[in-house]
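A.B. asks: Per TrEMBL, compositional bias 'Basic and acidic residues' is recorded for 466-477. TrEMBL lists 491-517 with the feature compositional bias 'Low complexity'. Residues or ranges marked as compositional bias 'Acidic residues' in TrEMBL: 520-531. For 47-50, 386-389, the entry in TrEMBL reads disulfide bond. Marked as domain 'Thioredoxin' by TrEMBL: 6-124, 336-464. Among the features that TrEMBL reports, region 'Disordered' is placed at 466-531. Per TrEMBL, signal peptide is recorded for 1-16.
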């Protein structure tokens with residue numbers, strides 16, 4: 001009994017020592033008013049992602065407390081009205097508050113280091129002013145990557161452009177500027193210029209071309225990525241946002257990844273700006289190799305992914321470090337860049353016959369079915385493990401049945417997006433799009449209620465043939481009666497900005513593929529993070 005009481009005492013002490021503030025609806029407004037800058041997590045106790053975040057969030061709160069940056073949390077199972085008021089749609093949702101009227105989504109990763117880095121950036125001005133060599137040296141080490149603009153005090157155009165870039169990219173980087181010509185000379189740069197200082201590779205990169213917002217953002221994005229980095233949950237989005245092909249080096253051990261990274265670094269240097277190179281832990285993320293059409297379990301292996309087109313180019317030899325020699329991979333990359341290698345396409349077999357009312361689409365018949373210019377095609381992108389897809393299935397079958405007399409004009413179809421390479425942007429499952437006759441390049445995504453009648457109205461209102469199947473859907477049961485409680489939900493990713501926004505479609509597509517690589521079954525979804 002004495003031992004048990006001691007444990008209870010320790011538990012109470014640990015709870016009391018938390019630096020994360022628990023908020024209720026009554027305390028919320030006062031907390032936001034008292035803190036000029038705060039990060040608030042909206043969570044549910046049953047959420048697997050929330051459980052994984054908890055120790056990271058606690059560690060970040062302790063570190064940021066020293067910087068007078070507050071972290072708090074709201075239990076949405078107990079504070080439902082407050083969470084609804086704050087627009088919470090999934091768990092965990094993290095929001096940055098600068099007063100109640102200035103709220104923005106948290107755009108970093110769910111790790112202590114990332115939270116600290118992100119919120120530290122939020123606490124600083126978009127551009128810090130540097131007026132001495134000592135201040136410059138200190139700023140260079142303020143983060144792994146920092147940006148410094150060098151331009152004359154009267155160069156208003158460069159100043160305005162750099163400030164615009166900083167405002168756009170401040171969530172992911174620290175920016176400073178100086179008009180001191182002596183500092184520019186000491187750093188070996190000619191005004192106007194932007195220098196990226198980093199704690200890896202060559203240490204810094206300099207931009208001295210025409211000062212345009214797009215040009216500087218593209219330069220910063222590319223310069224911020226190591227010659228041979230590592231792909232993981234913390235870095236995956238940045239590789240996708242870079243907008244250039246990514247070469248994966250799969251290996252099971254850290255020693256092997258280090259060895260292969262060192263061996264292939266000269267190739268990465270040769271093709272810097274054209275292809276990014278990164279190692280990836282095959283034990284933790286080996287299933288992602290399947291998304292790249294590699295043979296899962298046969299490591300080490302190498303593959304290139306064109307993130308803008310979602311095309312995969314697996315190197316055919318795998319399973320031996322000798323196969324991934326500098327000579328072999330160098331030749332493969334050269335041929336890839338020369339357009340001599342065809343992309344690998346993963347596809348289920350084309351069905352011998354279409355048994356049900358819903359047409360089954362695979363990669364090999366995608367062009368023939370979906371891109372048939374004479375038909376309106378409603379296509380559901382689904383995953384076998386997706387609970388919402390399973391709940392939709394009988395309604396979707398019923399919907400397809402409404403058009404059996406209009407098969408020459410309307411097709412209701414589905415594709416397993418985890419088993420087939422598809423060219424479309426997918427942000428989650430199920431995703432439903434209408435590829436209308438005569439306008440196949442701009443499909444219309446469905447965002448309404450998943451009822452037979454509403455889907456039929458969507459086809460009528462947005463299709464080229466204006467087929468009215470809605471009247472036949474009268475009296476159809478709605479999805480409201482389907483039990484969806486407990487189905488996994490996750491907060492949507494923060495909106496990309498600047499240069500990263502240009503690659504948003506690639507990020508979304510790759511994220512959908514990565515989800516299947518690390519989630520084994522519907523029940524495990526909320527317990528895992530995607531790449």
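Using N, Cα and C of the backbone, Cβ positions are placed for all residues, glycine too.
Buried or exposed, and what's around them? Tell me for each listed feature.
C.D. replies: Within the model, the domain 'Thioredoxin' (6-124) carries an average pLDDT of 87.
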A.B. asks: In the domain 'Thioredoxin' (336-464), how many residues does DSSP assign to helix, to strand and to coil?
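C.D. replies: Counting residues by DSSP class gives 39 helix, 25 strand, 65 coil.
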A.B. asks: Give me the count of other Cβ atoms within 10 A of the Cβ belonging to residue 389 (disulfide bond).
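C.D. replies: If we count other Cβ atoms within 10 Å of residue 389 (disulfide bond), we arrive at 20.
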A.B. asks: Long-range same-chain neighbours of residue 50 (disulfide bond), Cβ under 8 Å, sequence gap at least 6?
C.D. replies: 41, 43, 44, 91, 92
A.B. asks: Let me know how many other Cβ atoms fall within 10 Å of the Cβ of residue 386 (disulfide bond).
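C.D. replies: Residue 386 (disulfide bond) is surrounded by 22 other Cβ atoms within 10 Å.
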A.B. asks: Please report how many Å separate the Cα atom of residue 47 (disulfide bond) from that of residue 386 (disulfide bond), as a whole number.
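C.D. replies: The Cα atom of residue 47 (disulfide bond) is 17 Å away from the Cα atom of residue 386 (disulfide bond).
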